[in-house]
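Now, the feature entries from TrEMBL:
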type     : residues                       : note
ACT_SITE : CYS311                         : active site
ACT_SITE : HIS370                         : active site
ACT_SITE : ASP393                         : active site
BINDING  : ASN433, ASP435, GLU482, GLU487 : Ca(2+) binding site
DOMAIN   : 303-396                        : domain 'Transglutaminase-like'
TRANSMEM : 20-41                          : transmembrane segment
Amino acid sequence: MLPHSDVNKTETFQYFTPKFIFMPHFTHLTLLYLCFVALLLKVQSIDLIKSKSEQNRMEHHTDLYQSEDFIIRRGQTFQMWITLSRPFNPSTDKLHLNLKIGSVPTVSKGTHIIIPLVDELRDDRWEAAVVKQDDKKIKLSVNSLPTAVIGRYQLTVQTNCPNGQAVSTHEPANDIYILFNPWCEDDSVFMDSEDERKEYVLNDVGTIYYGTSQQIGQRTWNYGQFDEGILAACLFVLEKSGTPPSGWGDPVNVARIISAMVNSVDDHGVLEGNWSGNYSAGTSPTFWSGSVEILKEYHKYIGSPIKYGQCWVFAGVVTTVLRCLGIPCRTVTNFSSAHDTDVSLTTDVYLDENLDPLDHLNTDSVWNFHVWNDCWMARPDLPPGMGGWQAVDATPQETSQGTFCCGPASLMAIRNGQVYLKHDSAFVFAEVNSDKIYWQRNTDGTFSQIHSEKKIMGHFISTKAVGSNERNDITHLYKHPEGTEEERIAVESACRYGTKAEAYSSPTAEDVSIEVTMDGIGPQMGGDANLTISLKNSSSEARTVVLHSQVAVMYYTGVHKSTVRKDKTDVAILPSEKWSLEYEDYKDQLVDQAALMLTLSGRVKETQQVLATQFSFRLRTPDLNIKPIGKAMVGEKMAVEISFTNPLPRVLKGVMIHVEGLGLLTARTISCGDIGSRASVSMTEHFIPSLPGPRKLLASLDCKQLTQVHGVADITVQDKSNGAR
């Protein structure tokens, strides 16, 4: 006779009948054991309902990830089915879920999560409840913490019943990817505007600005945070940092880790920086047009840094990684961006007795433009009011606590000169609002301050506008309006914490001013540059100025490459005078961004007043023209024509064109050979679109003689089913 149980006796008898027929030697104890095993509650399968078109991923805003993995956001419930070896009996059976992340999962550190089964779910805790039962299948609704560690968790299910316990086998296909949740009010990255969430989390294409404050250029960048393999690559970057997963629930910490890991200087991070002009051992920074290829290559080669990046590439990759992980992020460009090397919070220019620059002392620099990132989060580690946008910068400039990283620094702290608040507020403040101080060497070798400029740094701080391709000027978020009492108070407050606080003294009377202007949108590559130097005498007496001018080719970082022209002129102050630089003067010295700087310094003979200013400008490059040919439809071949005209009176050698487009084609490089002086070329490229909707095809051209040439085409791809109607 079989032991009594709540399981159907006919089924139990059938289960054991073959044992009686074929193995009559079984003892009563053996039968008891087999019955015990039959009644043990085991997990047979787990269904996480993880299809992109199903409830979980749609509700968690993760349906755009091109992956069949189970990707959810913290602080939100999700559903799952568990199939058991027999029907679940809530009066005698127990069940809980185990989530583990990292090499040593620990409950106290939040890396081993035990999710109990409860009758009713409550907020702010990990819990699960049975919401439906269908014979051996139960459907669970699982609640997650809004402070949970983000990353890839291993899932197992432990069952308990009067006959014993069992633990399911870990299946990698059932791993759970948990991300930050800007839609959850209790998550520290919560953003309450749906339009902003669509832009700063869900938009996978953006605009990066470059050039100078008077000649703002732009290029389209494929962030591609939802592309296949990118989430895995981003989590690999976190793992490669060697930081404990227990800290991955804090967006301040994660943003700081990513800031460090996107450059390779001290941790073999994603990108190796190169500002030398020689990129023969890798890819020119101007050649990249997106982050996908970079991150996939880094993951593929198990953490070998990719060559090469400069500031906009570092920033583009940071935007991709943070958006992929769920932290709202945008790419930001600062024009006339200071690089303060000595924590003085001033940008110092040293001149000799003749007012010529002392290059070996001029370690501070002013970049024509510098690109970094803003990310959105609360700052419970700072005084109230410091949350919101935070600046992070992955370009390796100076170390922060021994590591090449920067931020996150509160924009509110930067704006008000509260440079003592972490992280790296002083450095970012100097970038956007430091004064430029001119020092002249005395005969005894000491230096005296002879001039200061107060409205030089931090112009037209730019990011892509929400919901459009327009430029959004966010300078007001970083600084008070120039010259206002609030702005001067912020500068003076900040400089109390710098190394040259004595630089601030009472202003002296000055009756001569100098200004440099440029007509229109400025000179084009291959043409002459014409600038206007205006000297204004506001006194009633005659003034004569001994004016020194020097034109230098600059890297966009403000680092001097070579002087191409130098003049000294005695000027009796008259109406504005024209100044011209011919193509022949600069053609052999240009680098990456075709940037030049005019430095003017002088002294008014009658009053000994010192004049000094610097003016950066760039030579505009032509666009690549991209023209779609035919109808764009998913799964059907189409083409684009790419055309270009060489603007230079010289041959472009070894020209390469890089083409890519999310949902259109994977990145590819086309060799175009040489392009003659002023010559035009065109080529046709074929591809098969894979995703419907509005898409952008990007192309960039690179060769030694000409860089920063790119183009973009908007292509609307129809779904095959819609197109057939």
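For all residues, glycine too, the Cβ spot is worked out from N, Cα and C.
What TrEMBL annotates, mapped onto the structure for a quick look.
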residue : record              : CB count, 10 Å
CYS311  : active site         : 27
HIS370  : active site         : 27
ASP393  : active site         : 31
ASN433  : Ca(2+) binding site : 26
ASP435  : Ca(2+) binding site : 22
GLU482  : Ca(2+) binding site : 15
GLU487  : Ca(2+) binding site : 18
Where ASN433 (Ca(2+) binding site) and HIS370 (active site) are concerned, what is their Cα separation in Å, rounded?
14
Give me the DSSP three-state residue breakdown of the domain 'Transglutaminase-like' (303-396), ordered helix, strand, coil.
15 helix, 40 strand, 39 coil
Between GLU482 (Ca(2+) binding site) and HIS370 (active site), what is the CA-CA distance rounded to a whole number of Å?
20
Over the span of the domain 'Transglutaminase-like' (303-396), how high is the average pLDDT in this prediction?
91
By CA distance, which of the active-site residues (CYS311, HIS370, ASP393) lies nearest to ASP435 (Ca(2+) binding site)?
HIS370
Whole-number Å only: compute the distance from the Cα of GLU487 (Ca(2+) binding site) to the Cα of CYS311 (active site).
27
Measuring Cα to Cα, how many angstrom lie between HIS370 (active site) and CYS311 (active site)?
6
What is the set of residues, excluding ASN433, ASP435, GLU482, GLU487, whose C-beta falls within 8 angstroms of the centroid of the C-beta atoms at the Ca(2+) site?
SER434, LYS454, LYS455, MET457, GLY458, LYS479, HIS480, GLY483, ARG488, ALA490, VAL491
Just the number: how many Å between the Cα atoms of ASP393 (active site) and CYS311 (active site)?
9
